[in-house]
Amino acid sequence: MSTAMDTESTYSGYSHYSGHSKKAHRQGRDRHKSPRSKDGSRSEKSVTIQTPPAEPLLGNDASRAEEGQDDNWGETTTAITGTSEHSISQEDIARISKDLEDSVGLDCKRYLGLTVAAVLGLLVFLTPIAFILLPQILWRDDLEPCGTVCEGLFISVAFKLLILLIGTWALFFRQPKADIPRVFVFRALLLVLIFLFVFSYWLFYGVRILDSKDTNYQGIVQYAVSLVDALLFIHYLAIVLLELRQLQPMFTVKVVRSTDGESRYYSLGHLSIQRAALVVLENYYKDFTVYNPALLTASKSRAAKHMAGLKVYNVDGPGNNASGQSRAMIAAAARRRDSSHNELYYEEADHERRVKKRRARLVVAVEEAFTHIKRLQAEEQQKAPGEMMDPREAAQAIFPSMARALQKYLRTTRQQQYHSMESILQHLSFCITNNMTPKAFLERYLNPGPTLQYDRDRWFSKQWTLVSEEAVTSGLQDGIVFVLKCLDFSLVVNVKKIPFIKLSEEFIDPKSHKFVLRLQSETSV
Amino acid sequence: SYFIFLSFQQRIEIHKLRQGDNLILGFSIGGGIDQDPTQNPFSEDKTDKGIYVTRVTEGGPAEVAGLQIGDKIMQVNGWDMTMVTHDQARKRLTKRNEEVVRLLVTRQSLQKAVQQSMMS
């Protein structure tokens, strides 16, 4: 058994994803939610922003270095040396420090936004009640008596407030899914609108009613009812702006992973760039196969061999023509008759054959192993109590017969670090419990699955950075390109508008389908 | 020099041969206004619905008279054959009381152009 199979891995469940609804653009509106959950175990992706307006998106770093503008390259370049097993590499340190500082900074921002929105919400909710109660408290004796009409209005205010409360809870009280760099424009606008609205109502109330001690109580109550009606309409506006407007698909985005070219297409509505990035990332975890650095080494070594062995000697003088040298090298490498394409072809064919052979052995071994297990029915369970096993023990009993074949297959397809022995045993007992066939058990190992399927330690992609030329709160438009970078790879996103479709109709009478025979006879005379 | 297509019109006189109770001419026809002109291998214009000679039996009266495969029959004994159905064409060729049929046919042939002689 290799060490990879012996290590224990904690199978941290991703089941809290299933609790969310499947709307295409859930937002992490956390501002109204007062009880904050601990973010230690949550799967938050923190997206930080880098908007360098002066730089092009794919910066021409090479040309700048050649022009000699970067004079400090000697001090700022770091040499990456090989690391031993017991030290932490430079990348890990960068990752850890980034984790620390990002989590602290963004939490403050989130708390601030949350408290502002909570206070505003509470104020807004209590305002109509205050409008109705204040005259009763302050100048009760002067008020005109207002019988049935007012009581009817009280009931309507109560129910409308209840509806508003339920609606606000349904729309805004949701678990935060993500941290985004900039404020949501529409949300901020709505908060400002609500604030101005309530402020102007209070102003009018304070000046005209409190100061002058208006005695027409029915008018005051109707004023409070109008406030609640207007709040309901603002709630409707919030639904339309925040939820409905993005439902209709307007853009198709193409997402390409930079390391291996795997690409997918998604449909989006009118979203801001940061929200589109969120949607893309959410879909990335379930659609793209997991990033496996072991699969990339082959192409890198081929590329290295291609350019190796070419040296440039400058015989004309001490002039240092760097671009000319590199061009000469490229031309020479292209003209060189190497047989690397041949090697690639035979290597790939050989690898495929090996994988198929190992796969066949694995399938046979697993099928044989599964035949040793039989599920006991309820009646049989009383008859043979001595030999009964629970799923875990059954899994452990049949695991050794398939372990070797499985390990060899995983090694050949370079997936061995994604599956530890403990995870395989757990999956096996899970399959046995749910009456799955050997093929269903193997589906997890035969092909690399999406990132969500694997242990979180193996993801290589938890912190994302959005790199964009446009402001990230601006809306999507045709032709926008932005990049979602994580430490090891990046996703290049290309936005295209769905074309305007001209659909016309043509009516065909069912009786108009008529046919003739095409003849070509030959007659002898 | 180069090849060009030329169309010749020829008059062919066929004497029918008696075989038992029938008078046969010794060739087969294809085409007609009720047929599919695109399947005609001999016509230059694939919308041509005329009557074409599709086969000539060896040693038969048609071959003796000089009829060739691919000829388009324009007239039979004065009757026009360019706008007839397949069955009408057959009937006009196989009239029982006629022993001799005179055909006007169009034939395409490949000729070498007489360019050199004109230039010299």
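Quick reminder: no glycine exception, Cβ is built from N, Cα and C everywhere.
From a predicted model like this one, the values you see are computed outputs, not experimental measurements.
Under the heading region 'Disordered', TrEMBL lists A:1-86.
Sequence annotations record features per position, and here TrEMBL assigns compositional bias 'Polar residues' to A:1-10 (among others).
Look at TrEMBL and you will find A:19-35 tagged as compositional bias 'Basic residues'.
The compositional bias 'Basic and acidic residues' annotation in TrEMBL covers A:36-45.
Positions annotated as compositional bias 'Polar residues' by TrEMBL: A:74-86 (among others).
According to TrEMBL, the feature transmembrane segment maps to A:111-133 (among others).
Through the fold, the transmembrane segment (A:153-172) approaches residues 29, 31-32, 121, 125, 128-129, 132, 218, 221-222, 224-225, 228-229, 231-232, 235, 238-239, 242-243 of its own chain, all at least 6 residues removed from its boundaries and within a Cβ separation under 8 Å. Summarising the annotation, TrEMBL assigns transmembrane segment to A:153-172 (among others).
With a cut-off of 8 Å between Cβ atoms, the residues of this chain six or more beyond the transmembrane segment (A:184-204) that come close are 27, 29, 31, 116-117, 120, 123-124, 127, 227, 230-231, 234, 237-238, 241-242, 272, 275, 473. Among the features that TrEMBL reports, transmembrane segment is placed at A:184-204 (among others).
Counting only same-chain residues 6+ beyond the ends of the transmembrane segment (A:224-244), those with a CB under 8 A from a CB of the stretch are 23, 25, 27, 124, 127-128, 131-132, 153, 156-157, 160-161, 163-164, 167-168, 171, 186-187, 189-190, 193-194, 197-198, 201. The transmembrane segment annotation in TrEMBL covers A:224-244 (among others).
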